[in-house]
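Peer 1: Questions regarding the structure given below will be posed in turn.
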Amino acid sequence: FVSYQVEILDWKTKKQLCFLDKVEPNATIREIRLMFHKLYPRWYPARQSIKLDPKGKSLRDEEILEHLPVGTTATLYFKDLGPQIGWTTVFLIEYTGPLFIYFLFYFRMPFVYGLDERFTSSPHPVVNLACICHSFHYIKRLIETVFVHRFSHGTMPLRNIVKNCLYYWGFAAWLAYYINHPLYTPPSYGKKQINFAVIMFLLCEAGNFSIHVVLSDLQRNGSKIRKIPYPTKNPFTWLFFFVSCPNYTYEVGTWISFTIMTQCVPVGLFTLLCFVQMTIWAKDKHCTYLREFKDYPSLRMPIIPFLL
């Protein structure tokens, strides 16, 4: 066979970092990353971005050298992504914080509200229910992180964890402060409003979990090949007939129901922000599906059936 020579340059300075001789044509980018790592131990594979063009996209691990638009002497560009952290660890940190932060306000710690013993518990049952639902939501997320999710990208930059935690932890504190405040007033329509919201909340949580299971099954046995997700016999997955990212649809539904349940303005603002962010993610994923699959179902929208 014809062996390849691979030259790896710094993406910014164009300085040659290494020259790999007699590389097999069927070598993957992952194998090239490992060769590069042997020469530069501080740049472990997850920290490397290998590109065909300095300003282009990173090549995927599974891409094969001879299938790339290069000659037998290939020039690739390296970019240091910085220290990385695994997605499982990221999610565990992000979701554990809101769980415990909420309890600080729910149990009315003296340093939070600075009130006497008469205000150590709420007279409104919906406050207890809100704590149960909020805790259930994040416990479910933690369980999914450990037992359900399969991540196509193994790591993210370590610097992003601070930003992500500020978002999740900060909003958890903001919501909890108002919901558990001694001056909190319960929903206008009482039990009917609360019961409706709880049913909606549980249905959305069940739907969100069902979608995550379907997406996880697509990557069974460690496969990283992107596939089109389709509905199963589970009715919660039938939303796939109409949207590309029903997990985001259900997630937004969860927070809408929590807003109705608590009738709290900060929760509504958080829900709106969630919807905006998830719509951006859903549109991006929807465009990726359309680009990669010519037979992609035409009826699907990114996040809201028939609308958006």
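In case you wondered, yes, glycine gets a Cβ from its N, Cα and C as well.
Just so you know, TrEMBL annotations never went through curation; they're auto-generated.
TrEMBL lists these features:
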- 5-80: domain 'TECR-like N-terminal' (DOMAIN)
- 155-308: domain '3-oxo-5-alpha-steroid 4-dehydrogenase C-terminal' (DOMAIN)
- 85-107: transmembrane segment (TRANSMEM)
- 166-184: transmembrane segment (TRANSMEM)
- 196-215: transmembrane segment (TRANSMEM)
- 235-250: transmembrane segment (TRANSMEM)
- 256-276: transmembrane segment (TRANSMEM)
Peer 1: Roughly where does the domain '3-oxo-5-alpha-steroid 4-dehydrogenase C-terminal' (155-308) sit in mean pLDDT, to the nearest integer?
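Peer 2: Within the domain '3-oxo-5-alpha-steroid 4-dehydrogenase C-terminal' (155-308), the model's average pLDDT equals 94.
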Peer 1: What residues elsewhere in the chain lie close to the transmembrane segment (85-107), defined as a C-beta under 8 angstroms and at least 6 residues from its ends?
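Peer 2: Apart from its flanks, the transmembrane segment (85-107) reaches 127, 131, 134-135, 138-139, 141-142, 145-146, 149, 151, 153-158, 160-161, 164-165, 168-169, 171-173, 175-177, 179-180.
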Peer 1: Of the residues in the domain 'TECR-like N-terminal' (5-80), how many are helix, strand and coil by DSSP?
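Peer 2: Once the DSSP states are binned, the domain 'TECR-like N-terminal' (5-80) shows 17 helix, 29 strand, 30 coil.
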